[in-house]
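Down below is the structure, laid out as structure tokens.
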Amino acid sequence: MATRTPFIAGNWKMHKTHAEAAAFIAAAKESLAATQTVEYAICAPFTALQAVADAAKGTAIQVGAQNMYFAEKGAYTGEVAPGMLQALGCAYVILGHSERRQYFHETDDMINKKVLAALAHGLKPILCVGEDLEQRERNLTNEVVAVQTEDGLKGVTAEQLADVVIAYEPIWAIGTGRSSTAEDANAVIGHIRQVLARKFGNEAAGTVRIQYGGSVKPENIATFMAQPEIDGALVGGASLEADSFVALVQGAQK
Ligand SMILES: O=C(CO)COP(=O)(O)O
């Protein structure tokens, strides 16, 4: 069986100025250094990325963005290009978050272009997939995540898949305090891995990290990590305080 390093990513969403971001890293870095068997990243707003990258220098804290555009450069007012993130030292970029799909009308096709552009620039995409409440109630969860996974990864090679992280985030569990059960998240993530195996082969599928996201906290992280298919978490609210983020990383040790 493939060993997959647990991976905790904090998705700060639209929170923290650059100064607040630097203070967070200063407060968290020593305690984080004690946990060496977990990989961790902070996905900050664009305006705080430089501050996070500077403050995290010399530590194992990796830096991620929360979105980007797929074009190299050009007349796209307000957008940020992959090469700009790479130049800042970003390792990861969250793509296709449900909030981007819902509020900014991102489609699977657009997200796929972003995934390909990220990989072409040495950025590792954290591709988000997940069903809404209505889809869950109509038993469409597996179908929805399969389409989002397949369409999001069109044109990605089995070799490139090693640099992709998938985050399964049921929309009804995001910021609601109502998390999925660990068993249920494990089953959906197992299904996503089967979809990957069909497309890329068992070996490639076995090495991809698939995170759970949706109301993950220090109190429930260990329950999720105890599941065989769950390789980490993409965490919103509970990643905003240094102590809480440190506890999540500590709790993610398998
Ligand atoms: O959307 C999420 C992470 O991307 C989850 O957010 P919460 O952890 O605040 O539920």
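From the backbone N, Cα and C atoms, a Cβ is placed for every residue, glycine too.
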Record-annotated substrate site (TrEMBL): member among Gly58, Gly175, Gly190 besides Asn11, Trp12, Lys13, Ser215, Gly236, Gly237: Gly175
Hey, of the recorded positions listed (Lys13, His97), which one tops the CB count within 10 A? His97
Between Asn11 (substrate binding site) and His97 (active site, electrophile), find the distance joining the two CA atoms and give it rounded to the nearest Å. 10
Rounded Cα distance, in Å, between Glu169 (active site, proton acceptor) and Lys13 (substrate binding site) is 14
Tell me the Cα distance separating His97 (active site, electrophile) from Gly175 (substrate binding site), rounded to the nearest angstrom. 13
